[in-house]
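According to TrEMBL:
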TRANSMEM  110-131  transmembrane segment
TRANSMEM  158-182  transmembrane segment
TRANSMEM  194-213  transmembrane segment
TRANSMEM  251-268  transmembrane segment
TRANSMEM  275-296  transmembrane segment
TRANSMEM  336-357  transmembrane segment
TRANSMEM  412-432  transmembrane segment
TRANSMEM  492-510  transmembrane segment
Amino acid sequence: MGEGLCPRLSSSWKNMEKGLNDAVSKTKVGKYFKLDARKSTFTKELRAGTATFLTMAYIITVNATILADSGGTCSVADCSAPVNQTAGPDCMLKPNEGYQSCLDKTKSDLIVATVLSAMIGSFAMGILANLPFGLAPGMGPNAFVAYNMVGFHGSGPISYKTAMAIVLVEGCAFFIVSALGLREKFARIVPKPIRLACAAGIGLFIAFVGLQVHQGVGLVGPDQSTLVTVTACSSTNPVTGECISGKMRSPTFWLGSVGLLITCYGLMKEIKGSMIYGILFVTLTSWIRGTAVTYFPQTLLGDNNYKYFKKVVDFHKIQSTAGAISFTSFNTSGTWLAFLTLFYVDMLGTTGILYTMAEIGGFVNEKGNFEGQYMAFLVDAGSTIVGSTLGVTTTATYVESSVGIREGGRTGLTAVTVGLCFLVSLFFTPLLTSVPPWAIGPSLVMVGVMMMKVVKDIDWENIKEAVPAFITMLLMPLTYSIANGIVGGIGMYIALSLYDYIVRLMAWLIKMRGMVVEERNQVSATAGADLAIEVI
């Protein structure tokens, strides 16, 4: 009796799922998102969106933590000072109860701002462009703003409010460029080998992130002699991440490895939702206190995280970062230099990522275009404008969208699902912010594996295509910048193409010289004949 129960339940579930998918595909929603036309189903889109969200969820706390390092809107006025004394500027760089309290509130604001910008951007991408891409504040621009522009706790040359104004202006400029169709033209002129290499390079980049300590399983860490080395140590330097002792003895690394195997086995057997299962197994195991792999160790930080985790449901209203914009410092050269830098990163990096996701999803046609391209570019740019008004940096399409594409996402319903997940996360932030990095790392590695398949389409026998493609892939992880890889690849392609142009120019010059010489000979011959006639 028991042996026949499981097959019957499985068959019944499949029939229910098929009935639901058939019903939804015939509704206005199904027709709007073109489920049948793109050979997708409602439940497949839901799984794809959930998988994309789970691999993106880390950005909720990571982005907030990075931007909070800038100090946000906190200032000397927020510092605690002894009675009848005034706090000095150095209070922001030293432990200070009042300033720390302000930072905690700012981080909570930035968590909500990150969720809102990601939610709005993902909804817009799904509904307006009908593409399965999730959006959120990008990892490169946030670090540039926090550590280069504003500086640690406001120690840089630009204030947080001015930085957000720069992001707003940059977003508006980028929107105009997208509306005029210039961004599409830029995407088209990128050589095919560079476009293909972008996918592989981004795959290597995010796999490298997934292997690191702070955002992954911790297999790779810094080394003074070789820059990077194998770590997975039981004890590491909390500041530099260097191994102190116990190389390859990190319990969390081995737990993450089990999660990777679960994901791999599921993909081998073509089990739907394999990415999610791997993340859930590692996360649920890590939530158990009193173990070597717990995300809540018996420390002050661990206790605080666990206390927040036990809230389960929590909603925070933005108090300081929304509308924190100031244009008073736009008359300095440093401000405009920062603007040009952000615009450069946005143009190259986000365009490359968006186009690569379309390439991976099979949306790009022979002419280098894809359906919904114009609106996707507008949404990508417009989301930055929205994000800046909330207090976060450049919002763009996320490479983790490839996880959802791998799970079968083909329509905007995937992006809408991502947006809904971010909406829910507004109320369940304590749970979602407690997903450990060693649970996310294996999925990022698997994304890298899947994105490498495009290298087979590169003509490796053609040096003119092979070298630029290789440079593109190499520079992305080694310089920790997608934009640098694109620039390097395009630069090399142009340099190698100069040979052909020079050869053509020389051939044309030789041909023109021959024509000139021939013309001169004809003129000389004609003049000689006329002279002979006159003599006669």
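Here the Cβ of each residue, glycine as well, is placed from N, Cα and C on the backbone.
Whatever TrEMBL says is automated annotation, not expert-curated.
The recorded stretches the transmembrane segment (336-357) and the transmembrane segment (194-213) share 3+ CB pairs below 8 A when only pairs 6 or more apart in sequence are counted, and are therefore in contact.
For the transmembrane segment (194-213), same-chain residues at least 6 beyond its ends with a Cβ under 8 Å from one of its own Cβ atoms are 219-221, 231, 236, 241, 352-353, 355-356, 359-360, 368, 399-400, 402, 437, 440-445, 447-452, 454-455, 457-458, 468-470, 472-477, 480, 482, 485-486, 489-490, 493. With a cut-off of 8 Å between Cβ atoms, the residues of this chain six or more beyond the transmembrane segment (412-432) that come close are 29, 33, 35, 40, 42, 45-46, 48-50, 52-53, 56-57, 60, 111-112, 115-116, 118-123, 125-135, 308-316, 404-405. A Cβ distance under 8 Å defines the sequence-distant neighbours of the transmembrane segment (275-296), meaning residues of its chain 6+ beyond its ends; these are 47, 50-51, 54-55, 251-252, 255-256, 258-260, 262-263, 266, 302-303, 305-306, 309, 403, 406-407, 434-436, 438-440, 442-443, 446.
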